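J.: Structure incoming, see below.
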Amino acid sequence: MSFSSPSKVVPEAEAQREAEPSPESRAGQPEAQAEWEPEPQGSELLHAGRRFAGTQEASPRRVLVSRGSSLWSHKSASRGSADSKLRCHTDCLETPLNHAFQRLGWAVGAHPWFFLLGPLVLTALLGTGFVHMPKDKEEDLEEQYSPVGSPAKKERYFVQGHFTTNDSLRFSATRKSTDVNFASILAFSHTPSLLEPDIFSEVSKLDHAVQALFVVQEDGTRIQYAQVCAKLMGGCVPSNPLLAAWQGKKDLNLKNITFPMYNLNHQVIYLTGLVGGIVLGETEGKNQILVQARALRLQYYLQTERAEDNERSRKWLIHFLNRFSDMKDGLALKKIQAVYFTSLSRQLEFEATSRTVIPLFHLAYLLIILFAVISCYRFDCVRNKMWVATFGVISVALAVVSGFGLMLYIGVPFVIIVANSPFLILGIGVDDMFIMISAWQKTSLMENIRQRLSSVYSKVAVSITVTTITNVLAFYTGVVTSFRSVQYFCIYTGTTLLFCYFYNITCFGAFLALDGKREVVCLHWLKKPETPDQKCSSLKRSCCFPFGSLPDEHGSATHPMNLFFRDYFGPFLTSTESKCFVVLLYILYIISSIYGCSQVQEGLDVRNLASDDSYVTPYFDVDEKFFSEYGPMVMVVVTKNVDYWNKDVRQKLEQCMTDFEDNRYVDKNLTEFWLRTYVQYLEEAKQDINDKDTFVNNIPIFLKNFSNFVYDINISSSNEIISSRAFIQTRDVSTPTNKKMMLQQLRGIAAKCEIPLLVYNQAFIYFDQYAVIVENTIRSVTVASLAMFIVSLLLIPHPLCSLWVTFAIASVVVGVTGFMAFWNVSLDSISMMNLVICIGFSFDFSAHICYAFVSSSKPSVNQKAIEALYLLGYPVLQSAVSTVIGVCVLYTSNAYIFRTFFKIIFLVMVFGAAHGLIFIPVFLTFFGSFG
């Protein structure tokens, strides 16, 4: 919003144009004082954000007299000294900023080629930074989308340092501290149950086909599944123990299976997570008869410990992904269906989503160029600014190249969500261009280029500077979040917006000056005239096009949209009936928003990292449908050396385990704890369990008989138990809320226990986002809002505006957050990033109307509101449209992360514009008189 007044002009001879003194030579001369009244085209004056000030045509003016003077000063002078004393001035930066821009405009007008070519050369140099763009390097999803310094990462570090496993000897997935390589197949039947021999036969056929897959390497050697599979007792880990039992004994009675544990030949098989869609029957001890099952999980674990094994496993998994669909079709399965997933799928599919958005760049730029050209089109064939508008969009593209190139040079990682940034920058980057074009159209052809550009720069100084400061601050506050992806996005976007600002006041201003020279010599914007050196005349310009406009010596023509806001929308909005309706509408809006905030889901669903048509999506759908009852197996780790042979210590530890088992998210019947089994083992052997030597010396013998616990006890060379662990089975944690509650409650139990404990599972790395996402969002929004408040106090000469702007920011953020729930958008790192963005937009929209209202000299609050809408209603509407156009193409993407970006920006534009055009004007008529 520009807070500078329109320029008062006096006639001056054409011959004096080139002799006009520079701003420096006039610095000591007093400026003319004049009573200022709003001009029909003065919408650029109150433009405290990124929005351009209307597209109406202005008549030629002559030499500036009161260039750079303050709008507030004119207003104050007209109201008298008594009223002025009641006002609080906070615009300490406005005057020096106007003067600095005035001198810059003079310099750009005097040397346009230097300011045009300089940024182009800089862009070429910084553009070479794209050679550092990662091509083959995978994006670390854990690093980018899990909280920085999360408790789970510290817990994992402890587990990795105290417990080891051996994938090639005795593999145990639950005892791994990190994700393992695997291929997973969910085989399901539409019949009531697949516990039938003929269905198991088809599942077995699928299992054999998978294990028969092999990779032929470049040297001709093969990578067989048996070579890379994780081992258990000399063979590959069974893909499904129940299926393996049936394959070994075809007459196995499938009607006599118990759940969740099945005892086969004195070997316990845990069926949780392996059999889904179950119906249970009679109880047998801690188990029940498995009456029906709709799905089986086949899990093919591969070796990962050595780099060589990991690479070979990866090659086999890629071959599996490439071959599975054709292999399944070749098997002609009739009784079952199968979906698949691998440990590589999330990464590969997420990277593939970035490629889907690249073609949309071209469409977005085409739409913005079309919008800019239409907005700047004039029937006047000389002052038409279509080429200027096109170059304005090009300058935004140059800023993107420069900003991204610089970030790549200094090593800021390029993550996939940064691909959203150019769309947003495109939408908001052209707004400053519109402001400058509008100000240029109000200058006089009778002035020389330096004078005109100096006048333009002085008028738009505060407007585009506030724009840049507020938006860049809103983005840079994103670095306080706990998510690397959000930090990198905000750094890229904020830096690129700075380049937009720099290029607008240099190369775009230079292009504007060069186009101004075309105006002076009356060159047609598209075709070469017969007499190109002929001086400009009103008659010639009006003849260039049948509908050319004649200059108005008393002021420029008013845009029809401004008249609409003044003569129709403003009076309608300020009527008593409309005010009552607006109040009711706002109450409905805020109630709906608060309700939506209570319903919004937290956390990033892993299936949203892939595109809609990915094979990953049906896998997670089937998994959620049939296997959602049980969650991950959680380690309970004793972190310090304790006296396990001490009865009091054992009782305290047992009490802690009981507390875990009594939790609503834990199945008490599926706990695995070596100490309980060991105590029972010693008691059966008639050993003194309270004797240290007896307790310690019998552990090696115990582990030979119960080898499944061999990875659960960390014994030092001096026979000290450094640490040990137990396992508890979670359940009913399918929703993000339940995951968060489970995580918080289990950690709470561990913290209260008298024995030092921690709880951990690989999935906790991602579950931690549920615990911190709300806190991070509130912190980021608060910091950004505070920054906007401070900026408004410094650059807007009325504190009442700052208060109303802060209110509008809070209201828009609540509305966007609430309506996210109605549009199926979760509160995750991606949506949190967009909420931070909306702070800057909310500031821009509301600051327009607020400042125009408090600066108005109209006698009544209704007239003040109408004048504010008359001056700024169209620019607010136009800026919202331009931003939506910039990101609308993302809605056609089949990737969640890009559609979410569009949805939230769309909500921000709608609610921000609604506050600026409807709610704030009406509320100001109620409370504005108190200012």
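Even glycines carry a Cβ here, placed using N, Cα and C.
Taken from TrEMBL, the feature region 'Disordered' applies to 1-43. Positions annotated as compositional bias 'Low complexity' by TrEMBL: 27-42. According to TrEMBL, the domain 'SSD' annotation covers 357-514. Residues or ranges marked as transmembrane segment in TrEMBL: 360-379, 386-410, 416-440, 460-479, 491-514, 777-796, 802-823, 835-854, 874-892, 904-927.
Tell me about the surroundings of these features in the structure.
T.: Non-local neighbours of the transmembrane segment (386-410) in the same chain are 119-120, 122-123, 126-130, 132-133, 365, 368-369, 372-373, 375-377, 421-422, 425-426, 429-430, 433-434, 437, 491-492, 495-500, 502-504, 507-508, 511-512, 515, 525; each lies 6+ residues outside the stretch with a CB under 8 Å from one of its CB atoms.
If one looks beyond the transmembrane segment (416-440) by at least 6 residues along the same chain, the residues whose Cβ comes under 8 Å of a Cβ in the stretch are 2, 41, 43-44, 47, 50-56, 139, 350-351, 353-354, 357-358, 360-361, 364-365, 368, 372, 375-376, 385, 388-389, 392-393, 395-397, 399-400, 452-453, 455-456, 459-460, 463-464, 467-468, 471, 485, 488-489, 492-493, 496-497, 500-501, 504, 508-509, 512, 516, 830, 833, 837, 878-879, 882-887, 889-890, 897-898, 901, 905.
Through the fold, the transmembrane segment (802-823) approaches residues 90, 589-590, 592-597, 599-601, 781, 785, 788-789, 792-793, 796, 831, 835, 838-839, 841-843, 845-847, 850, 903-904, 907-908, 911-912, 915-916, 919-920, 923-924 of its own chain, all at least 6 residues removed from its boundaries and within a Cβ separation under 8 Å.
Non-local neighbours of the transmembrane segment (835-854) in the same chain are 1, 3, 46-51, 424, 466-467, 470-471, 473-475, 477-478, 481, 486, 490, 777, 780-781, 784-785, 788, 791-792, 796, 798, 800-801, 804-805, 808-809, 812-813, 816-817, 864-865, 867-869, 871-872, 875-876, 879-880, 883, 904-905, 908-909, 912-913, 915-917, 920-921, 924, 928, 931; each lies 6+ residues outside the stretch with a CB under 8 Å from one of its CB atoms.
Listed as Cβ neighbours of the transmembrane segment (904-927) (distance under 8 Å, sequence separation of 6 or more from its ends, same chain) are residues 424, 427, 573-574, 578-579, 582-583, 585-586, 804, 808, 811-812, 815-816, 819-820, 823, 825, 831, 834-835, 837-838, 841-842, 844-846, 848-850, 853, 861-862, 864-865, 868-869, 872-873, 876-877, 880, 883-884, 887-888.
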J.: Between 0 and 100, where does the mean pLDDT of the domain 'SSD' (357-514) sit?
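T.: The average pLDDT of the model in the domain 'SSD' (357-514) works out to 82.
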